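These come from Swiss-Prot:
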- 2: N-myristoyl glycine (LIPID)
- 113-178: region 'Disordered' (REGION)
- 202-205: motif 'PPXY motif' (MOTIF)
- 216-257: coiled coil (COILED)
- 260-279: region 'Disordered' (REGION)
- 547-564: zinc finger (ZN_FING)
- 576-593: zinc finger (ZN_FING)
- 592-626: region 'Disordered' (REGION)
- 959-1147: domain 'Reverse transcriptase' (DOMAIN)
- 1361-1492: domain 'RNase H type-1' (DOMAIN)
- 1496-1537: zinc finger (ZN_FING)
- 1561, 1618, 1654: Mg(2+) 3 binding site (BINDING)
């Protein structure tokens, strides 16, 4: 290594000198780093042995490829600079001898440093290798091959060894015609270990080697296929070869053919290949360095062949670099990005087992994508397995997925190569099916091109979406091409349209390659300048170009070039009769007459007169242009159909397509006026064309009209095509009768088409337009007022027995009425022609006349017409037919309303002297009832920048939509935004505070409507209302309460405030208001169409009826009513035909099924998951054939821990139940009810609980009892009675009828017994008039319900038995059970603490001890005496902790008995004489005696702690148990363990005797409500605690507390408090002085002086917290009870180390206490005093009682000296 390094350094040094001679100075270290980079990038360079311009350029090419692949961050900054310098050094022919010497020396170094011996060849004559290994390694390999074995090392994976293709014999060592420079360049790339996997075959290393060079490469089967096709291209045609290869490849994938591989050299490893890949024999090379390092593109399964030709397969691990690269690509670009798919395809070119694929996918993809891939992979494997089964090759689903017997890796390694190919195909296909990152998964038709989106990007999105839907984009290429045009933007459509059928998808892309944002902008500007829309501009742009001749009308030339009207051939035109004066033959513009031939004045010439003809032939978007050869034809050219035809046929001159949306269109006929003299024309449509759906409007053609006669026509319902030359109308010529009417114009000429003399008008006269109508059969006469929004009836005409209500609406006109009255119900109006409708008029007093408003006139189809030309044209354009009414069926009122006035009616008078303007009441939701009018203000929460931006955008959208308005309301609640899965934001408002102030409305629909109640055979229409909440306005008085604020960051600006105008989401009453509003809107429809079955639930409406035409008419009226109410129907959600989707069901003909449901078992992990799943299943049960017994294992999973996140898992039984659910969902269906047939209710004896079914030849609805019984022990016959009650209730609820027949499993005699001995059966059958039977209909579907074996009581007798053993049982809450018989008593201990359950254990012991003997059992438990007899007939026992288990055990003992027994009840402790009372007393006494014996001190301590939560020291002293046992009792308590121990008592000044010094304070405990103020006083000598609950902490509350304390322990000498106002007041000072109590306060804001009472607060609150969670009465007690219990514990139960409680210390004070004697120094005068007794030794301080001054003093410990060890007793 040292020699090599020195050579390398010498090489770099010489190169540096050579550069220096050219004036280039470089650092040695930088140059050394540069050549290290050269070596890493071009590992072949040191082996070349020479350096020249050709090899150096190859180095530059490697640099460039490395830069393009890995980016600039991987390439040193100076790399290309140094390369250029050295290139100039080598390329330029130097004359400087120093430079040439340096170059020569450099070449020598390269030659001597070459590490490869390329002269040796392999010993195998069939396959020569260029070995880079040492001689020793080769010898070892040779020896191993002689023995017929491969290397003993673990087989390594080698790339495929390929030879160069030559035209010579394979044994020729000198190939010719090879581009060695290019081959070496590619080989150098391959040897770079950092290079990504190459898919092409690189050429050999060096042309100088004598043997045929071969290199390592991963062969791509597609490239190999292309090479084969290229070799055979000259022999056969390309298409035949392509088809043959495709057929062969398909056979390989299905396993019909196997792949054979040629033998290779012994010990040589070969990589698996795609089926059909051929590995040519030849000379290969293998590098030992490469053998020691597994290449990154070799994958798990490899195959080696030993010297004997035996193939061995090996499994290797994945290279981490490949997984990392694939993981990075999937994360950054997406799992289906082209780059990611390229890596996946390169991986798929190798042999990967199913386990390897699963490992790779799980490592690369996310959890969700992994599951998606796995499901798609399994689906692909199923399809492949089916094809394999047909082919008979034995490759089944288990082999393809690596499951079952093929789950081990060893088994998968032995797969056939063709099977590997099928696995790779299934895996890659599944990978391509993964969803695109960030794509919500829209449908293919929903992919549309954006306005500025490049067309190529749009096509790419289409192809990607098609690939996911069809499996591959090629499968839907025609569909993609169609959508690429239809969903393109207008600009691209215009570019494609001329070539749409002439090119393919790539041609589309080329045509639209230049269309971008700038093109769109220019297009919009061009359309704007031309006065057209962009669409019209593009359509006209592509039409035939060229001018139109204004003379002949033909295209292709202009008027100046017209040959038909050349000036030299033109005949002079002679004027006819002047149309102005009609008195001479001259031109009208030359007429100078002032009057016509009738003497009427002629208006002078001024301005533009009648509009002339269009400048050119008419073009239409929907029709073809007028044929250029069409000439203007006169009336005389028209033909008649037959000699007797009255009309002349009119034909269309263009091919036209009409749709209903286009409305009336004018069709050209090519016929021009004028008509023959003294005639006028009437245009009528032909009956044959009317039958085709084309409506021709009648028209009048004037005699003096000279323009083109056109036909007004429209398509009524469907698209109609009018071909050129079709006869569609007739022109009838009628005689013209001239009258003396005034003429407006001298002549019509070529004016606008149509008559100018006919208008649809109602003359205005002096009479009032009155109208007589009948409201609920009472006649009313009123004035037609088109300016009034509503109808108004005067109070004087209103019947007094008709109800009216007050409104919140103000009616305004010339007069004004505030809060007028309105009819409480809708009235039915009727006119003389029996037209009718509903109306809800207002009632106003003192009104001169009744007013019919627009709410009524609109229902009557009354029209207002105008004689104005513009208005007439507008009405014609909108579809108005002369003589016909408006509407789709034109069935409105045809004639004007009679205008006869009534003379006996007075005028308006002073009330209405002008036009009236009465505003209609605004339709809105009902007002909300509020608990309080006090404003509610909740501050707005701060929002992050992204959420604030989203909120601002959403608020702006709502503002533009009119859903909110600006506000200054005193109400405010916060808003927030959440991000949906689709990436869009949603605006929400926290209305909890507002909801708390409103009176909640009840639910209007407590349940979902069922589609089975729709009559059978009815046709249906289902609609969904769009944005229903946002379409319903809030009542104006309620809007201010739903205000919110939009904040700003850093308070940069005042908050913008808004309030909702529509129903807000999150408001508690919004659903109810929505239902009421929609119900009101469709009320008229329900009233008018009573024969229809209409279901309304929230925003879903279903209409069903017998007659389809009536259903459509009802739907039409429903649309009108909803539109009038401001509600909008979502067009995309209108369902008109099967299958319908409604409320989670699919309605297809007579069958009703649930929508396809998929149960995700992998998501079932917690109690919450199972709860939601079973809730959904329970919702589906009325439509499934599932019994409660079928679902019981699933219901059992809900038992256990109540934590929603507690773990749950599926048992085998639960999994089987879930499979039954899936099967039932897939197969279930129910049918609609037929109300003409009897309704039968069937009851089946299914397991656990009975199951009900409504039946009419097919199942209608399944009925189930609740999963949990209402009783712990519910007999089966009582369950059937409950099911009868439930079935009858459901029948009336959903169908409105009682079942005609109830079929149940009991016979008539059994029913009689049930009626006499049970309570439920008489109730269930009460008032039932139908048939009660037990014969089921003969139907196979009914037989699926297995009969349940039911029994009547047989073993348990209702009366005592004769000659039976007498047994008494009893149980105690201590867990002791006992039973006695004759003179024997048996007792045993249980682990139960309930007396009822313990006695049940005793009863089980009796039944177990005497299974074959009759028994008379007596118990003092009434519960057991009633429950045990029910066990014999109970099918399901409700789960209640231990109770269910014991009852099940007892039930099993009863089932196993064959000899009856009796159980009776006896009252305990009755004191009655006799054997029964005495026997019960013996059993009871046995439990009590035993209980007293086992009540040890430890159990007593445990019970005491459970009751009072005493501390460990008190338990130890009170019950004489060890200290550790006492501590364990406290530690095991779940309540006490959460509280810290009470701190040390401290060293505050204390009294020397009881009632000397008290400390007093107030603490708060909020859970006590108004009594949260706890006044606490403590005697500092004994620690005796007193506390009272008060409603405040003022002086009066303090005095009340002290008076209570004085009544218990008397008056103190001194009280110390803080400086609170209750303690420093004058009244409290007077109170203390009156009772001679010294009151002192501590230092302000220093609670340490009150340390004793402060610690007492903590002790008191801790004790309250403990006992309120216990099992004693304080759990449900009052605050005073809880406080008193806590004081009892602290004062009387807690003991100190002297075994005394606080009460003992207070009431039994021992004055003969021994004290230590000390001398002490007074710090004021430095004098010593004493000896005096020590009261308290503190931490650094001592409390000494001065006998001289009779007072205690606190002194520092350094001023105290103990004088003796003798103690003094202080009296």
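Numbering starts at 1 and runs along the chain as it is shown here.
In case you wondered, yes, glycine gets a Cβ from its N, Cα and C as well.
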DSSP-assigned states of the domain 'RNase H type-1' (1361-1492) in counts, ordered helix, strand, coil: 61 helix, 33 strand, 38 coil
Tally of DSSP helical, extended and coil residues in the zinc finger (576-593): 3 helix, 2 strand, 13 coil
Other CB atoms, at most 10 A from the CB of residue 1654 (Mg(2+) 3 binding site): 20
Secondary structure content, the zinc finger (1496-1537) (per DSSP, counts of residues): 32 helix, 0 strand, 10 coil
In three-state DSSP terms, the structure that residue 1618 (Mg(2+) 3 binding site) belongs to: coil
Chain-mates of 1561, 1618, 1654 with C-beta within 8 Å of site centroid, Mg(2+) 3: 1559, 1560, 1562, 1617, 1647, 1650, 1653, 1657
Residue 1561 (Mg(2+) 3 binding site) in three-state DSSP notation: strand
Mean per-residue pLDDT computed across the zinc finger (576-593): 78
Where residue 1654 (Mg(2+) 3 binding site) sits in the secondary structure, as DSSP reduces it to three classes: helix
